[in-house]
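Straight out of TrEMBL:
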- R348: substrate binding site (BINDING)
- 68-299: domain 'Aminotransferase class V' (DOMAIN)
- K203: N6-(pyridoxal phosphate)lysine (MOD_RES)
Amino acid sequence: MTAAPTIQAPRLGEPYLLTPGPLTTSFPVKQAMLRDWGSWDDDFRAMTQEMRDRLLAMLGAGADAFDCVPMQGSGSFSVEAMLGSFVPRDGKALVLANGAYGQRSAQTLAYLGRDYVLMDKGDYLPPRGDEVARILADDPAITHVVAIHCETSSGILNPVEEISEVVYGAGRKLLVDSMSAFGAIDLKVADVRYEAMVSSANKCIEGVPGFGFIIARKTELEAAKGNSHSLSLDVHAQWAHMNKTGQWRFTPPTHVVAAFLEALRAHEVEGGVAGRGARYRRNRDVMVDGMRALGFETLLKDRWLSPIIVTFFCPADPNFDFARFYELMKAKGFIIYPGKLTVVDSFRIGCIGQMDEHIMRQVVTAAKESLAAMGVSDATPPALALQERAKLAA
Ligand SMILES: *Cc1c(COP(=O)(O)O)cnc(C)c1O
């Protein structure tokens, strides 16, 4: 066992961000930004290379068939770069949506003018292998399938292994949005086959926002030449330029890269993906147990709960008011997140960032005190919420 990592509390008066990125970062990560770097300088080029190498290493055995291409902008810029670069203009994508991020991928393809079909499972039901297989069998024009690893809008961990098997069984290619999962949940190339995946600096690696990265099979990177609709979001061009010169094509977010490198080193010290994932699972378990003891119910049954973010139903008690709950929690030092369900009221609590189980116990205490301040004696959700949940198999 590695030693327990040291969690860096935010500075006095700064709340914890119980949100899926931006999230609470360590002091050394913030401190790494207190210096300027020349983008063309050897020192910064070495930083970019170290970052790419460290990210690739997380793929485990077989990673040498892949390369890592960082891309300026928030995570959605990298998703757009991936879709526009790897789905050829005459290709067709099947997007597996069960929340806002799946919908966003479909919307991105619509903007790009790429042909696509959407399998929409609503707010949170997982796309299953057999359903995907049926759609692929019925539509031979589909070349690529787009899957969301952890759909952050409900917190569900989608079955990407199962999806990958049917995609390749049908001779198609898989692209994965692992934005909120990568770094805490394995996506080893020996276990799950895919052509490309995307994530960003401000999620499970615990950096600050400013860029994302695409990790793709080298053969796909070669083949992507000329596909992109966009100059700045062309993954092939960024990759080719970076491999030739060691530089980003356009101004890199130098301070964000420096902070991210610090975050990657801390990630390694914590035990890599396994260590990071273990802390987040513990955060989730302690927080969910505590919230359930107050009467709260999770949207998802345990099997589908990710260690990234958890959706809770709002209590049925008419005294409960989310806006008030949010302010009370904030006053106690915790920023929570509104829910994204369309059918019933909900809110979300993130488990990622510089937080451990001790902090999560404080979160539960803060929730208990906030309920008391509103005059809510029991956090049980309305019957409608529980009926909704019954749709999801264990
Ligand atoms: C965070 C996130 C994104 C990207 O969102 P940005 O706001 O552009 O950073 C994309 N997909 C998923 C699943 C996410 O969690």
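For all residues, glycine too, the Cβ spot is worked out from N, Cα and C.
Automatic prediction, not curation, is the source of TrEMBL annotations.
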Which of the three DSSP-derived classes (helix, strand, coil) applies to R348 (substrate binding site)?
strand
Check the residue listed as 'N6-(pyridoxal phosphate)lysine' against DSSP and tell me helix, strand or coil, would you?
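Assignment for the residue listed as 'N6-(pyridoxal phosphate)lysine' reads coil.
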Would you mind listing, in sequence order, the residues at least six apart from R348 (substrate binding site) in the same chain with a Cβ closer than 8 Å to its Cβ?
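Looking at Cβ-Cβ distances below 8 Å from R348 (substrate binding site), excluding near sequence neighbours, one finds P20, G155, I309, V310, T311, F312, I336, Y337, P338, G339, K340.
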Are there residues of the same chain, six or more positions away from K203 (N6-(pyridoxal phosphate)lysine), whose CB falls under 8 angstroms from its CB, and which are they?
P20, G21, L23, G75, M179, S180, A181, F182, G183, I352
Could you please provide the mean pLDDT value for the domain 'Aminotransferase class V' (68-299)?
98
